[in-house]
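Q: Below you'll find the structure I mean.
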Amino acid sequence: MAEVLVLIDHVAGQVKKPTYELLTLAAKLGEPSAVYIGGADGAAGAAEAVKGYGAEKVYVIDDAQIKGYLVAPKAEALAQLAGTASPAAILLPSSAENKEVAARLAIKLDSGLITDAVDLDESGVATQSVFAGNFTVKGKVTKGTPIITVKPNSAAPVEKAGAAAVTPFEVTISDAAKTAQIVASQPRKASGRPELTEAAIVVSGGRGTGGDFSAVEGLADALGAAVGASRAAVDSGWMPHTFQVGQTGKTVSPQLYVANGISGAIQHRAGMQTSKTIVAVNKDEEAPIFELVDFGVVGDLHTVLPAVTDAVKAAKG
Amino acid sequence: MNIVVLVKYVPDATADRQFEDDFTVDRVNVDGLLSELDEYAVEQSLQIKEKRDGEEITVTALTVGPQAAEAAVRKALQMGADKGVHVVDDAIAGSDSIATSLVLAKAIEKLGPVDLVVGGLASTDAGMSVVPAMLAERLGLPQVTLASVVETQGDQIRIKRDGDVATEVIGGTLPLVLSVTDQSGEARYPSFKGIMAAKKKPLETWSLADLGVDAGQVGLGAAYTAVEETAARPPRTAGEIVTDEDGSGAKALAEFLASKKFI
Ligand SMILES: Cc1cc2nc3c(=O)[nH]c(=O)nc-3n(C[C@H](O)[C@H](O)[C@H](O)COP(=O)(O)OP(=O)(O)OC[C@H]3O[C@@H](n4cnc5c(N)ncnc54)[C@H](O)[C@@H]3O)c2cc1C
Ligand SMILES: Cc1cc2nc3c(=O)[nH]c(=O)nc-3n(C[C@H](O)[C@H](O)[C@H](O)COP(=O)(O)OP(=O)(O)OC[C@H]3O[C@@H](n4cnc5c(N)ncnc54)[C@H](O)[C@@H]3O)c2cc1C
């Protein structure tokens with residue numbers, strides 16, 4: 001069976017959940033091989049982690065020549081690996097950087113590219129959600145090695161023992177690939193909450209919060225949820241841009257999305273419309289967000305949310 | 001210095017967007033416009049020019065798209081771009097990202113030595129966010145993408161970007177491909193003067209033959225991906241909506257969450 005390469009999503013060797021989802025999808029297409037690009041010290045931990053999700057091989061690419069630069073060296077490394085492994089497909093977790101890595105890789109390998117898949121079947125047909133979530137498109141790569149970036153929450157990770165044979169892979173990075181350099185980097189402070197795109201529950205606030213997110217954060221913490229925001233809230237400087245849900249922010253597809261003081265503009269819907277259950281609290285009964293909801297409360301978020309938070313805490317004991 | 005700004009013509013996101021029977025986007029029956037996210041690319045291109053007062057700088061707006069896509073170039077000219085190029089050819093219809101980037105790359109090569117190619121964060125129709133990276137690969141250039149702040153000096157560029165795990169400052173040396181986000185600063189509206197001036201600005205129309213691209217390399221038939229099915233998402237059935245009175249809304253919501261096993 002041909003290998004299917006899965007790029008591991010990790011921070012310093014700590015493997016993130018979307019990697020397991022991709023390994024699960026990869027097993028439908030062939031034999032999953034995980035690809036670790038990172039520091040040597042994180043490799044063993046990453047290999048151990050992916051072993052539990054069916055990775056037969058773990059290619060380890062030392063990032064000494066890669067980190068500190070953008071995109072291009074990673075694309076070169078993956079192209080060289082694809083040259084020797086001849087994979088049936090290459091799957092990458094959908095992130096801004098990985099989509100660009102995939103873009104360069106597609107040109108290098110003269111192969112087709114599908115981005116932001118939300119599902120993948122045995123025959124390589126990928127499902128995408130397009131036009132603000134209003135359409136579902138099914139498509140397939142028909143030339144070269146299919147390169148597919150997959151969104152978080154696209155599959156339920158299936159635990160399965162793999163051999164996870166660690167295979168170091170030497171790459172040669174050209175000088176040309178090292179011309180855009182990271183000059184300074186300020187790591188984001190950990191919020192202690194789940195990652196927005198991976199969370200099972202997202203509680204968001206918009207302009208209707210008036211800048212006070214405490215009620216939104218209170219409910220989020222009671223539910224163990226991530227916090228999101230509309231662009232109006234971000235543009236007002238109330239929340240950092242990384243919290244933005246929508247067309248120019250994150251697309252989320254959680255089990256539960258709670259929109260508070262958000263009107264429901266098309267660009268916001270684009271980022272949350274495929275959530276399984278949608279709830280809104282808005283004081284305007286005419287707000288378009290109510291067209292989407294499974295349950296809506298017409299009311300003031302500053303009184304409704306604290307009361308719901310208390311009820312959640314009471315129920316959880 | 002030569003700056004090429006990439007402007008895509010897209011169906012209006014607030015209109016009722018549809019697919020054709022061959023699964024390509026209906027670009028005729030739905031009103032189109034310059035992708036709003038490319039306005040930011042035009043804005044940053046113009047700001048670079050303005051900040052480098054005294055230098056000879058040309059900003060060229062480039063689009064690949066159907067006849068009507070000329071409107072995207074016109075808008076960029078009205079905003080202040082110096083000249084425009086519209087690549088249009090029936091054979092291009094239905095192109096995927098691979099073919100689109102090929103045509104854009106050939107057009108950029110034809111424009112002569114370019115110092116900076118500036119694109120948007122994503123198109124507002126397909127929104128793949130891949131074309132700038134593909135162009136960088138095809139043109140053999142570095143890329144600095146998703147900038148929220150852009151500064152240039154001589155042949156050096158510095159950008160700031162807000163990534164998921166870190167806020168980064170990235171440096172590069174021109175020529176390169178740049179993309180900017182909607183956090184990079186409001187785009188200007190065309191002034192009356194700008195609208196009048198745009199009428200006299202050069203706007204060239206190129207075909208595939210002008211670029212030396214074989215029609216067999218582009219379009220639906222040459223795509224590296226095939227769409228097999230498109231389906232409108234079933235409209236969400238309206239749920240239950242309650243009006244809060246003295247805490248009744250919170251109680252009902254808590255009960256709903258419990259019934260769905262969220263608490
Ligand atoms: C190219 C482009 C890209 C965009 N991308 C995004 C994106 O990624 N994400 C995004 O969100 N937007 C995006 N937008 C902006 C979008 O069009 C809307 O402007 C934005 O979503 C509005 O945010 P909002 O709902 O918080 O604010 P508003 O539309 O002002 O709505 C505020 C709501 O709060 C309610 N409210 C007020 N006070 C209270 C209260 N005390 N209790 C309860 N409810 C209250 C009001 O009734 C109202 O419905 C984009 C726009 C463009 C043009
Ligand atoms: C619903 C849908 C799904 C699609 N899925 C795929 C797919 O999975 N794989 C695939 O290969 N193709 C796909 N396509 C086709 C692809 O979108 C187009 O080929 C498109 O030209 C390139 O991608 P983009 O619009 O996503 O651009 P993006 O990469 O999002 O655009 C980024 C920037 O590049 C510039 N740019 C992009 N296109 C042009 C242009 N024509 N003229 C000038 N500047 C431009 C703009 O500055 C823009 O802001 C899809 C199209 C649709 C409508």
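Placement of Cβ uses the backbone N, Cα and C atoms for every residue, glycine included.
According to TrEMBL, the protein has these features:
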- A:4-186: domain 'Electron transfer flavoprotein alpha/beta-subunit N-terminal' (DOMAIN)
- A:ARG207, A:230-231, A:244-248, A:261-268, A:ASN282: FAD binding site (BINDING)
Q: Quick one: average pLDDT across the domain 'Electron transfer flavoprotein alpha/beta-subunit N-terminal' (A:4-186), no decimals.
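A: Average per-residue pLDDT within the domain 'Electron transfer flavoprotein alpha/beta-subunit N-terminal' (A:4-186): 96.
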Q: Among the binding-site residues A:ARG207, A:GLN244, A:ILE262, A:ALA265, A:HIS268, state which ones have a Cβ less than 8 Å from a Cβ of chain B, giving them in sequence order; state 'none' otherwise.
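A: It is none; no candidate comes close enough.
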Q: Let me make sure I understand the structure: which of the binding-site residues listed (A:ILE262, A:ALA265) has the fewest other Cβ atoms within 10 A of its Cβ?
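A: Checked A:ILE262, A:ALA265; of these binding-site residues, fewest Cβ neighbours within 10 Å: A:ALA265.
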Q: Across all protein chains in the structure, which of the binding-site residues A:ARG207, A:HIS268 has the highest Cβ count within 10 Å?
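A: Answer by Cβ density within 10 Å: A:HIS268.
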Q: Near A:GLN247 (FAD binding site), which residues of its own chain have a C-beta under 8 A away, given they sit six or more steps off in sequence?
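A: Spatial neighbours, sequence-distant, of A:GLN247 (FAD binding site): A:ALA132, A:ILE266, A:GLN267, A:HIS268, A:ALA270, A:GLY271.
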Q: Taking the Cβ of A:GLN244 (FAD binding site) as reference, which residues of that chain separated by at least 6 in sequence fall under 8 Å from it?
A: A:GLY228, A:ALA229, A:SER230, A:ARG231, A:VAL234, A:LYS250, A:GLY271
Q: Looking only at DSSP and grouping its letters into three states, which state does A:GLN244 (FAD binding site) belong to?
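A: Note: A:GLN244 (FAD binding site) is in a strand by DSSP.
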Q: Using DSSP reduced to three states, classify A:HIS268 (FAD binding site) as helix, strand or coil.
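A: Note: A:HIS268 (FAD binding site) is helical by DSSP.
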